[in-house]
Amino acid sequence: TSVCPSPFKMKPIGLQERRGSNVSLTLDMSSLGNVEPFVATPTPRETVAMEYLQSASRILTRSQLRDVVASSHLLQSEFMEIPMNFVDPKEIDIPRHGTKNRYKTILPNPLSRVCLRPKNVTDSLSTYINANYIRGYSGKEKAFIATQGPMINTVNDFWQMVWQEDSPVIVMITKLKEKNEKCVLYWPEKRGIYGKVEVLVINVNECDNYTVRNLVLKQGSHTQHVKHYWYTSWPDHKTPDSAQPLLQLMLDVEEDRLASTGRGPVVVHCSAGIGRTGCFIATSIGCRQLKEEGVVDALSIVCQLRVDRGGMVQTSEQYEFVHHALCLYESRLSAETVQ
């Protein structure tokens with residue numbers, strides 16, 4: 001008796017058919033010989049997106065900023081127009097780079113990618129880290145580095161980058177776990193060695209919404225001082241109710257940055273290195289613009305961030321949150337002026 005009492009006669013499937021037709025097999029085989037380097041030619045849509053990112057602007061006076069914060073639908077529709085500028089994996093010409101990405105689709109834009117010094121000439125993977133240089137206020141090159149939360153197999157790369165770039169400050173805006181792992185614990189309690197970099201924790205200060213660690217990095221006879229800010233009060237899957245703690249963190253980091261002139265970029269990371277990281281950097285740049293010029297162009301700031309790293313400031317809620325933080329800073333500036 002047949003196991004499958006079907007009215008149709010079943011013919012045993014040959015191996016070739018099971019895999020798909022011979023045609024697809026032939027195509028698969030022929031493409032293996034195709035080793036020409038992938039040259040990314042932008043599609044018309046990509047060209048339009050890049051033109052938008054490089055030109056979009058809406059300069060807000062201080063009173064306009066206060067008004068726009070009250071109309072969230074306006075900010076939402078403005079945000080929806082901004083192209084994401086995510087990276088096609090084919091644009092990254094490094095074999096096995098996928099092993100060093102926390103999320104498959106969040107990749108570093110090639111033009112601004114941070115390249116680590118290779119361990120040897122042939123090892124291109126050792127140059128790869130999922131991190132981008134980010135321009136700061138008035139287009140200052142390499143003001144920040146935005147990166148993903150280190151993974152177990154990228155911790156040494158992370159410290160190599162901090163050392164190589166001579167970064168004075170690291171800002172971490174994620175818990176280690178929020179439902180899933182967001183970041184590994186990449187610093188020691190007292191002393192740890194990560195590849196060629198030794199990390200010493202000198203002291204730890206618990207503040208209201210973040211913890212500050214003073215670190216000394218050593219390599220050979222050289223040392224570097226680094227401040228590590230760990231901001232833990234960002235709630236899972238939404239934006240904070242108050243912009244005050246993030247603004248305070250930003251002001252503290254800004255003070256450190258000014259005190260360490262001649263040093264490298266401030267390293268900022270969350271888990272993917274685009275959402276909260278984007279909020280922090282956009283707020284930093286916007287506050288600086290408010291202070292220097294008395295106006296702010298958050299649209300243009302976010303567009304500039306996305307040219308440097310796709311997807312920065314991930315959601316319309318985050319875009320609104322940036323405006324709230326800027327508005328709070330503006331009210332502080334007004335209070336100072338009155339005094």
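The backbone N, Cα and C atoms fix where each Cβ goes, glycine too.
Keep in mind it's a predicted model, so treat the numbers as computed, not measured.
Taken straight from TrEMBL:
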ACT_SITE  C270  active site, phosphocysteine intermediate
BINDING   D236, C270, S271, A272, G273, I274, G275, R276, Q314  substrate binding site
DOMAIN    75-329  domain 'Tyrosine-protein phosphatase'
DOMAIN    244-320  domain 'Tyrosine specific protein phosphatases'
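Overlay of TrEMBL annotations on the structure.
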residue: D236; record: substrate binding site; DSSP (3 states): coil
residue: C270; record: active site, phosphocysteine intermediate; DSSP (3 states): coil
residue: G275; record: substrate binding site; DSSP (3 states): helix
residue: Q314; record: substrate binding site; DSSP (3 states): coil
Mean of the pLDDT scores, which run from 0 to 100, over the domain 'Tyrosine-protein phosphatase' (75-329): 96
Cβ neighbour count (within 10 Å, all chains shown) around C270 (active site, phosphocysteine intermediate): 26
Entry from the binding-site residues list S271, Q314 having the most other CB atoms no farther than 10 A: S271
Summary of DSSP states over the domain 'Tyrosine specific protein phosphatases' (244-320), given as helix, strand and coil counts: 51 helix, 6 strand, 20 coil
Fewest Cβ neighbours within 10 Å, where candidates are the binding-site residues D236, G273, G275: D236
Nearest-integer angstrom distance between the alpha carbons (Cα) of the residue listed as 'active site, phosphocysteine intermediate' and Q314 (substrate binding site): 12
Pairwise Cα distance maximum in Å, substrate-binding residues per record: D236, C270, S271, A272, G273, I274, G275, R276, Q314: 15
